[in-house]
Amino acid sequence: MEINVFKFCSGLRVLGYVMILLVAAIVGVSYYAVVSLTYGPLLLRGGFDSFLSFIIVIIFHVLLVLLLWSYIRVVLKDPGSVPENWRAVPGEESLEVGTSLAAAEDGFERRSRGGGYCIHCQNGKPPRCHHCSICQRCVLKMDHHCVWVVNCVGACNYKFFLLFLLYTFLETTMVTIVLLPSFINFFGEAKNHSSAAKSAIIFLAFVLNFAFALSLLCFVVMHASLLSSNTTSVEVHEKKGVVRWKYNLGRKKNFEQVFGAKKSLWLFPLFSEDDLEKIPALHGLEFPTRSDVDA
């Protein structure tokens, strides 16, 4: 009896829906601790405390809106699907600049020898495309499958994922900082039974946000490095032995390949029509290389 490992992997998608509930729970606890228990009541006191509380509440809500907006976009947006019966243009799958044939053939997908074809999907594979064993399909410029968003992160939603990562880090860091005084007072107030429940919620919110802020810092730094070199998490392994990564166009152009050229939309999970027309990489089927830029 054969065991289909890929079908087992697809079952992990169920875990993603649990993660969505977890995200909602963390947001709810943080909101209640910061707005309802700590700084909301101070808004009516007047003076500097009210002004400071107003600033904190406004920044908290702005970051929360941007966080949830980016999260919804990355969850719902298709990361990029390969068109049916797609075939590569002859010469499109050229070797990386400065690599030997042997080094290229040792790549993760062995694209040079395999002809860019997925045996699971029975379809052609565009450059930088990979098959996701959880989604059971090929994803354009796949970075990874993220259980937190119940979706793959690919060419069409990578910007939304990065913004979600950034705003979540900023929000959790902010919550950690503004709840620090209350967290310090937790051990003294815990003896007062009337405020025990309030102190416990603030304590829980602080610990959760502090833990997430620390872990997210690592991911923010990692993806900032990947973005600057126009590399995906999967391609980190493929680049080994490559002298010059052919998709590295320079930091500015690498950034625009993901965020677009319109600066006013860089901080929002949106693309301008002009960018979608002029930057093929945003669709995940064509990518400029160093040779294109140098020409």
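Each position is counted from 1, following the chain as shown.
Cβ atoms here come from the backbone N, Cα and C positions, even for glycine.
Here TrEMBL flags 116-239 as domain 'Palmitoyltransferase DHHC'. The transmembrane segment annotation in TrEMBL covers 14-39, 51-72, 160-188, 200-222.
Of the candidate ranges 14-39, 51-72, 160-188, 160-188 has the most C-beta pairs within less than 8 angstroms of the transmembrane segment (200-222). Shown for the domain 'Palmitoyltransferase DHHC' (116-239): DSSP residue counts in helix, strand and coil, namely 71 helix, 16 strand, 37 coil. Remote same-chain partners of the transmembrane segment (51-72), defined as residues 6 or more beyond its termini with a Cβ less than 8 Å from a stretch Cβ, comprise 23, 27, 31, 34-35, 39-40, 42-43, 149, 160-161, 163-164, 167-168, 170-171, 174-175, 178, 267-269.
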